[in-house]
Ligand SMILES: NC(=O)C1=CN([C@@H]2O[C@H](COP(=O)(O)OP(=O)(O)OC[C@H]3O[C@@H](n4cnc5c(N)ncnc54)[C@H](OP(=O)(O)O)[C@@H]3O)[C@@H](O)[C@H]2O)C=CC1
Ligand SMILES: O=C(CO)COP(=O)(O)O
């Protein structure tokens, strides 16, 4: 039997994933913008978020959350982190109790500091929650380039069943039972991508980028393990894999934000010129609070936070990191 998919969120990644699942399963995508919904239904395109991409013709779009989720056997959350709670609350009355809810967003909720699957479990305690994550730049996947992802769920049987819904051609989906580690890997790497982007924008060089990626992996692993993730997860697709892709790609929105900061642009100006989300900007705030709570040292994330929110310059961030005492590679810092 083919599982029916209801995906909430019509941006670049939501549309890409819906177009992939539509190859395997009947899929409806919800977007709040009627023009986008009509364009997907009539022309099988979403030019605002995926220019020049042809979507799977069987993909249907709707402006009705009810229509999208009421018959779905799998719900996929494709809206940015700060909107997930509101959209899921709206969908809640129509979602059947046993239906798995899979998060695509890579961020943490401001104020509550919660991961997205924690919010799903809070709103829908009876529904199994999971995350699809990994090195998955939408702008490559929608053109059919090979990529690997991870579906993380506590229940391996459900994850295996969903593997077949999301896997498609060159999009290879592995399973993992470490939901905390996979979800944190995706959220925390965005801050490090802002850091490498900043270095690239300021012409810091390839060695600097490699150092930031490697030491960045070390600090996000420290926090991730303190919060309950498995160390091995951060060496996998959801950790190192996503970190490398995002930190070294001009297609990444987080890298773009950093790059423009490195070129001397102001954050407000950069954000106002983008029509897509860069989750790392808000996640940096949450991560500073978590680092304090779990007493974990995160020097790169801290320097990025100071540039984003305390008026520090890119040069200040560079000096801050250089001043940091060098210890053993196995120790924090
Ligand atoms: N793009 C990528 O390569 C990848 C992205 N992700 C993650 O997926 C998540 C979504 O990203 P992505 O699709 O790229 O984001 P985009 O910025 O491309 O699109 C955001 C989408 O969410 C909608 N949206 C925003 N706020 C609300 C709201 N309050 N209520 C309803 N809809 C809302 C937007 O609608 P509208 O057009 O009406 O504003 C738009 O459809 C992010 O957390 C991102 O980190 C994960 C892997 C890859
Ligand atoms: O998470 C992503 C790739 O895996 C997308 O990164 P950006 O949000 O920085 O574009």
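Note: Cβ is positioned from N, Cα and C throughout, glycine not excepted.
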Matching residue for the NADPH site, where TrEMBL names 12, 13, 32, 106, 138, 253, 277, 279 - out of 49, 305, 309: 49
Given TrEMBL lists 106, 134, 189, 252, 253, 254 for sn-glycerol 3-phosphate, the same-site residue among 178, 242: 242
Filtered binding-site residues, from 12, 32, 106, 134, 279, whose Cβ is under 6 Å from an atom of ligand 1: 12, 32, 106, 279
Of 12, 106, 242, 252, 254, binding-site residues neighbouring ligand 2, Cβ under 6 A: 106, 242, 252, 254
Neighbouring C-beta atoms (10 Å sphere around the C-beta of residue 242 (sn-glycerol 3-phosphate binding site)): 30
Secondary structure tally of the domain 'Glycerol-3-phosphate dehydrogenase NAD-dependent C-terminal' (178-318) (DSSP, helix then strand then coil): 106 helix, 0 strand, 35 coil
